[in-house]
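Participant: I'd like to ask you about the structure that follows.
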Amino acid sequence: MATVFLEFWKRRRAVLAYDWDLIDWEEEEEEIRPQFEAKYSKKERMNPISGKPEPYQAFTDKYSRLIVSASGIFFMILVVIAAVFGIVIYRVITVSTFAAFGWALIRNNSQVATTGTAVCINFCIIMLLNVLYEKVALLLTNLEQPRTESEWENSFTLKMFLFQFVNLNSSTFYIAFFLGRFTGRPGAYIRLINRWKLEECHPSGCLIDLCMQMGIIMVLKQTWNNFTELGYPLIQNWWTRRRLRLEHGPNAKASFSQWERDYNLQPMNAYGLFDEYLEMILQFGFTTIFVAAFPLAPLLALLNNIIEIRMDAYKFVTQWRRPLPSQAKDIGIWYGILEGIGILSVITNAFVIAVTSDFIPRLVYAYKYGPCAGQGRAGERCMMGYVNASLSQFRVSDFENKSEPRTDGSEMFGEAVKYCRYRDYREPPDSPNEPYSYTLQFWHVLAARLAFIIVFEHMVFTVKNLIAYLIPDLPKDLRDRMRREKYLIQEMMYEAELDRLQKEKNEKKKKHRAYHKEWP
């Protein structure tokens, strides 16, 4: 669907460019940024196109600045990872605290309570880091000293997208692919500071945690963005009207001319439509990268965009000054970012289906270990016994000291519990092989997951490229109009050339007649 969307956007872009007569429009040679010219005015070289001297940035200076900028980007990504690690520590400590909580509602739902509070804290961290990232991206872009304004805009756009994309999706990637993968097993848990056991997924699987993470983050972020986009100019304009009433009286607005009323509105932000583009691109990534885990994301995005279209219209017409128009053939570097998100979404959804969900384990059981094994078919009856096959056996006496149960279960079952079950594919404690080692079924599931990822990616990429090839970049009616326009231009040029040749021929005839009349 992402490929279809991008292909149809290219068709729509072509129609808009034709309607605004921008199909063959090319930006003129851009002027050098004043900051670049002031920095490198002492060293000049001849421009190979214009033949005029211009400021020149040495190779070593340019790439040393790029290395410093890349190091800054890498450091800020490490800051995001550190924030995610802090959330992980919070989840590890909180789930133990909630499990021993006095209130039964919290104690019985400690996993859900931990996930919900962690997501809300993560959202607050995301919004705080977004403010920091804008300043860091501006600093690093100015440090690079881009030569032209378009180079500056592309560099700043790429940094802001990388920062905010990693900031928004890092915790989601952790829950999807790392949560519960490195916790160990009963009797040999991996502990943080040799005290807290690492958090595990919900008993029904990690998709519940992933859905909760994506749902809360998406709803909160869209609500916050809509509030700030409309609420900030409303408050600012209200304050401006209040100040004008104090200075010029209660009927000040009626006495102002239209241009004065427009001038008292809020100016458009310094980056133009950059924030609008960034919001839509991040939303596009959120609705495609993990759509297999959260199918409601496209619906939420659609509802949000329907509301935001009206809010943006109201904001542009009544709250902001009229923006200055400028020509552009397309959306620039944003389209390349959308293409990259489309490729990443294929990979992540393949991993979500293969690793996070139970699709592959159920498939392996149905065809290899279930009642229908070897029959080449699968159905509801073929899944009988799947839950039992997906649980391993553990001897209660093998618990480590920190994980020993408070009771032996005799109060509930009438006798002491000797064995318990947990989700994994491991040998039982009494196995003639090594106890608690991985079973053959585990390796079959692992091999099936890797095979599914490879086959799924190649198949989807093939379909993706096929769709991109089959859908033309120009609509047929637009192509016909362009050909018609080209034909008419050629006809006009041909007729003009015929008229010119006819006039030359008539002039030659007149000259020839006049020459013969001179002789007696």
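Positions of Cβ are set from backbone N, Cα and C atoms, glycine also.
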Participant: Transmembrane segment per TrEMBL sits at which of 5-27, 281-303?
Facilitator: 281-303
Participant: Which residue range, 379-413, 484-518, is the one TrEMBL calls coiled coil?
Facilitator: 484-518
Participant: From the ranges 161-180, 441-460, pick the one that TrEMBL records as transmembrane segment.
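Facilitator: Comparing 161-180, 441-460 with TrEMBL, transmembrane segment matches 161-180.
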Participant: Apart from its near flanks, which chain residues at least 6 from the ends of the transmembrane segment (113-133) lie with a Cβ under 8 angstroms of it?
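Facilitator: Same-chain residues near the transmembrane segment (113-133) but 6 or more away: 76, 79-80, 83, 86-87, 90-91, 94-95, 98, 106, 160, 163-164, 167-168, 171, 199, 209, 212-213, 216-217, 220-221, 224.
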